[in-house]
Amino acid sequence: MATLKGLNSKWFSTVASIWIQCTSGSLYTFSVYSQALKSTQGYDQSTLDTISVFKDIGANCGILSGILYSSVVVASNRNSPLGAVAGPWVVLLAGALQNFAGYFLMWAAVVGVIPPPPVPVMCLFMILAAHAQSFFNTANVVTSVRNFRQYSGTAVGIMKGFLGLSGAMLIQFYQTIFDNKPDSFLLMLALLPTLNTLLLMWFVRVHTRQEEDEKKRLDGFSLIALFIAAYLMIIIVLENFFSFHLVLRVVALVLLLVLLTSPLVVAIRAEGRGNSVVGAGADSFVDESRLLPEQENDNVEIHENVALPELNLLQAISTVDFWILFLAMACGMGSGLATVNNMGQVGQALGYPSLETNTLVSLWSIWNFLGRFGGGYVSDYFLHKGGCARPIFMAITLLGMSMGHGVIASGFRGALYAGSVLLGVCYGSQWSLMPSIASEIFGVEHMGTIFNTITIACPVGTYIFSVRVIGFIYDKEASGKGNLCTGTHCFMMSFVIMSCATFLGSLAALGLFLRTRMFYSQVILRRLRASFRK
């Protein structure tokens with residue numbers, strides 16, 4: 001009975017969320033089955049690119065998942081008729097159903113179970129499958145923020161980090177079990193994330209009571225994530241230079257699965273030590289939500305029992321802070337995703353062998369992970385140590401992206417390596433910094449809806465930079481057979497433009513830092529006071 005009670009804790013909830021995130025990154029595996037989709041359905045490259053755009057739209061337009069999360073979690077925390085049955089699992093269930101429907105119908109079309117659907121219908125299948133990721137992501141990220149309000153940056157970094165690694169994990173499954181069978185991989189994408197979520201979603205719950213050693217336990221999860229990232233990086237590099245036999249692939253996959261069980265050890269140890277509650281219960285938990293910049297002055301007195309109002313989506317949209325974040329994300333996320341989507345063509349134009357280009361694309365997920373994890377962890381550290389406002393780290397990383405675009409634009413030998421590392425790390429950090437900042441500025445009650453609305457900036461920026469900048473300039477410079485372009489001039493101007501855009505995003509984030517620095521210093525003082533009250 002004690003064991004069953006222990007399963008209902010924030011630590012097992014975190015483990016369940018981590019494991020769900022590990023199978024939620026199908027968005028990053030499009031290149032595995034895109035050729036099968038193209039050949040079996042008779043698509044040209046333009047049509048395939050159109051389907052890919054709907055993939056990005058589905059994954060990044062998560063307003064519905066945010067609305068659903070806010071509805072069911074509020075119902076579960078109040079005296080509502082739905083309170084006994086509602087919770088984050090409802091959002092995860094909705095995601096699982098969409099994931100299965102989208103990928104199963106695509107698989108059915110590829111293998112001929114159903115007739116080849118019209119392109120708009122296939123786009124619907126793709127947007128349905130990709131949209132599931134926003135439901136998984138919202139449920140796991142927002143629940144982690146609610147469970148670890150003191151260390152929201154670290155919690156978001158862990159969730160976003162495992163999501164960033166999940167693409168590489170799913171590809172390891174594919175190469176070991178379904179090598180050269182992309183149609184079978186589509187069926188796996190329909191079944192594995194769905195069954196994994198249905199099995200684990202019951203453990204993902206909100207626990208607002210603060211416990212001792214939370215930072216120590218979160219550091220344990222972080223260390224495991226770093227080990228898994230290092231292991232995957234080694235495997236990816238070795239696979240690009242050596243041919244792995246089936247036995248070696250099976251051994252590598254088994255070792256990966258063993259590493260993935262490690263978070264369970266952290267949760268068991270946390271429960272075994274019997275963590276004591278530090279703060280108040282859920283009903284009297286000190287609300288550390290937003291304080292408007294207009295309210296900031298040096299003489300503001302912080303009353304610990306006064307709950308500051310939280311903003312809903314409409315209220316958030318009416319603030320300057322929301323649109324500053326939106327602009328910064330359009331510049332950062334948009335240019336980053338446009339870069340990785342065109343990495344193959346950039347490498348080809350600059351004369352890199354296909355092996356080197358494929359390695360760069362594979363390693364992008366590792367740099368992406370380091371940014372997602374590091375952005376949350378480092379910003380949490382400085383926030384707690386000196387009350388440093390988190391938006392300054394967004395400004396720094398966007399400036400780093402500006403430098404990365406500039407490095408690639410130079411066209412020097414090795415510039416693509418150095419630029420992709422810098423871009424990958426700084427791009428990944430935006431995915432952990434933005435949700436954390438949104439939760440702190442606008443509050444956590446409607447966090448899922450607000451940060452998913454800001455995320456729409458990603459496909460908007462990607463369309464502008466991919467189609468209107470990179471595609472337009474490449475086609476203008478291309479000539480000869482196959483309408484190909486070779487040389488630095490093919491992409492130099494595009495990366496110069498993206499460098500300027502991310503510099504603009506950095507200035508916007510710096511403006512947000514200046515607007516909110518007093519708010520952050522007051523929040524950290526309140527958190528420290530609440531933490532050490534007992």
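For all residues, glycine too, the Cβ spot is worked out from N, Cα and C.
Here TrEMBL gives transmembrane segment for one range in the set 12-37, 350-375: that range is 12-37. Here the transmembrane segment (185-206) sits against the transmembrane segment (151-173); at least 3 CB pairs are under 8 Å, leaving out pairs fewer than 6 apart in sequence. Of the candidate ranges 57-77, 151-173, 322-340, 450-471, 57-77 has the most C-beta pairs within less than 8 angstroms of the transmembrane segment (89-113).
Within its own chain, the transmembrane segment (12-37) has Cβ neighbours under 8 Å at 6, 43, 48, 51-52, 55-56, 59, 92, 99, 103, 106, 110, 122, 129-130, 132-133, 136-137, 139-140, 143-144, 147, 155, 158-159, 162-171, 174, 182-183, 185-186, 189, 192-193, 196-197, 200-201, 203-205, 207, 221, 260, 263-264, 266-267, 271, 361, 365, counting only residues six or more beyond its boundaries. For the transmembrane segment (244-266), the most Cβ-contacting stretch among 57-77, 119-139, 151-173, 218-238, 415-438 is 218-238 (pairs under 8 Å). Stretch with the largest number of CB pairs closer than 8 A to the transmembrane segment (151-173), among 218-238, 322-340, 450-471: 218-238.
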